[in-house]
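According to TrEMBL, the feature active site, proton donor maps to Lys127. Summarising the annotation, TrEMBL assigns substrate binding site to Lys91, Gln112, Lys115, Gly166, Ser379. The annotation NAD(+) binding site is assigned in TrEMBL to Thr211, Asn242. The site 'Important for catalysis' annotation in TrEMBL covers Asp167.
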Amino acid sequence: MLHERLSSIYENVLRRNAGETEFHQAVREVLESIGPVLGKHPEYAESKIIERICEPERQIIFRVPWEDDRGEVHINRGFRVEFNSALGPYKGGLRFHPSVYLGIVKFLGFEQIFKNSLTGLPIGGGKGGSDFDPKGRSEREVMRFCQSFMTELYRHIGEYTDVPAGDIGVGQREVGYLFGQYKRITNRYESGVITGKGLSYGGAQVRTEATGYGCAFFVAEMLKARGTSFDGRRVAVSGSGNVAVYTIEKVRQLGGIVVACSDSSGYVVDDKGVDLDLLKQVKQVERRRLDVYAERRGGNATFVPGRSVWEVPCEVAMPSATQNEITGRDAELLVRNGCVAVGEGANMPTTPEGIRIFEEAGVAFGPGKAANAGGVATSALEMQQNASRDSWTFEFSENRLQQIMRDIHDRCLRSADEYGMPGNYVAGANIDGFKRVADAMLALGLI
Ligand code: GLU
C-alpha cells in the first residue's frame, strides 16, 4: 500500500510515462518501501526529492542505421537514459534485445540509481541499449551495428560523464567494438569511458564473473544470517548467459549443486550437477541452444522444451535471465517444492505478486538491486584501476567483491531493521539506496 503523498506521486509517474509498464513497476516497488522514511525525514518531501528522482536528468533517443552482410540497410533505435548523477557519473549497462524500448531502459536506469548507491561507490545511475537483435547475426554485422551505435553515443559519454557497460546482448565482444569506435572517433585512449573491457585493453580481473559470483556471495550471506549455507543444497538457475554461468561456478565452489538452468528454448535438468565446461562450450563458444548440451551430456541430463525452469524442485532459486520471469504461480510452486532462498541475478526477474508470495512464505528474498550489484560494483573497481593506470590481481579483486557483497547485505538488513521491517531485503535495499542518493541531492542544491 502506498502512503497518500506517494500515491499521488505514483499517479503522476503513470500519467507522465504512459505505457511504460516496467518503469511503473520499478517505481512502485521503491515507493512502497520508502513510506516510513518520509515520516522520519520531512525534508525529503519538502524538497520534492522523490518527484525529482523519478524524472531522468536526460533521455537520449537516436537512429542507428547499419548494413547487413547482404548489403541490406536496417534501422534500429538507440537509447541512453542518464537518470541520476548525484553520486557520480551515470553508470549502467547497454542492452541489445528486440524487446528494448524506452520503458525497459527507464526501469533499468531507475533500478540502477539505487543499486549503484547501495554499493557505496561513487557512481550515478543510467542505462541504455537498442532494439537490435544480435541473435543469428554474424560477427561483422554485430561489429557494424556497434560502430554505428557508438558513432552517435560517443558525444554523450565520457569518464566523468557517463560510463556504459554490458547487459543482455552486450558482452566483452560488443564492448570491444564499442570502445574501438569511441577511441577512433575521439582520438583518446580513455579507458574509463566504458567497463567490461577485455583484459588486454584496460579490462579488470573478475568483471566477467562479478555479477554471478556476487549474487552467489549475497545468497551465501542470506543463508548464513539464517544459520545455514549452500552446502549440499539443490539450486536452480534460470538463463545460461554470463550471469547464470558464473552464478553456477560460484555456487558450486560454495558447496551447492546446480541441478537446472535454462535458455529461451526451455530448460535442462541435470541431477548430478550442471557440467560447467560443457555449458560454456555450447552457450558461449558455439552460441547454440540447450538441447545440444543435453545431447552431449548423454543420459545425465534431460532437456525440457518450452517450459519454465521453476518447476524443477530446488531449495535455492537464482533467476538470472530477464525481467518478470518468476510469476506468482512460479513462486507458489517454488515455495511448495521447498525453496528457502531466492537471489535475483537478473534485474527485476520476480513479479510483484511473486515477491509477495515469497515474503509471506518467509523465503529469504534478495532483490536484484542488492543481489546483482556485484557486476556494477566491479565496474566501479575497473574505473578505479583505469584512473590510476593500475591492474589488480584476480584474488585481490575477488576479495574486494566479496567484501562489497557482505557490506550490501548488512546494509540492507540494518536499514530494514531500523524502519521496522526486519529481514525484508527489498525494503532494506530500497531505503538504504534511496537515502544515500536523497542526501547527496539535498546537499547539492536544487538539482
Ligand atoms: N548491466 C549490469 C547491471 O545491471 C552492469 C552495469 C555496469 O557494469 O555498469 O547492473
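From the backbone N, Cα and C atoms, a Cβ is placed for every residue, glycine too.
Just so you know, TrEMBL annotations are computer predictions that nobody has curated.
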Note = Cα of Lys91 (substrate binding site) to Cα of Lys127 (active site, proton donor), in Å and rounded, measures 7
Ask   = Across the listed substrate-binding residues, Lys91, Gln112, Lys115, Gly166, Ser379, what is the farthest Cα to Cα distance, given in whole Å?
value = 16
Query = If you measure C-alpha to C-alpha, which of Gln112, Lys127, Ser379 (recorded positions) come within 10 angstroms of Asn242 (NAD(+) binding site)?
reply = none
Ask   = How far is it from Gln112 (substrate binding site) to Asp167 (site 'Important for catalysis'), counting Cα to Cα, in Å?
value = 12
Query = For the binding-site residues Gln112, Thr211, Asn242, Ser379, which one has the sparsest Cβ surroundings, going by other Cβ atoms within 10 Å?
reply = Asn242
Task = For the recorded substrate site formed by Lys91, Gln112, Lys115, Gly166, Ser379, name the remaining residues of the chain with Cβ within 8 Å of the site's Cβ center, in chain order.
result = Gly92, Gly93, Asn116, Ile123, Gly125, Lys127, Ala165, Thr195, Gly375, Val376
Message = Among Lys115, Lys127, the recorded positions in question, whose Cβ has the most other Cβ atoms within 10 Å in this structure?
response = Lys127
Inter-residue Cα distance where the pair is Thr211 (NAD(+) binding site) and Ser379 (substrate binding site), in Å = 10
Distance from Asp167 (site 'Important for catalysis') back to Thr211 (NAD(+) binding site), taken between C-alpha atoms, in Å = 10
Message = Which secondary structure state does DSSP assign to the residue listed as 'active site, proton donor', in the simple three-class scheme?
response = strand
Ask   = Among all the protein chains here, how many other CB atoms are within 10 A of the CB of Gly166 (substrate binding site)?
value = 26
Ask   = For Lys115 (substrate binding site) and Lys127 (active site, proton donor), what Cα-Cα distance in Å is obtained after rounding to a whole number?
value = 12
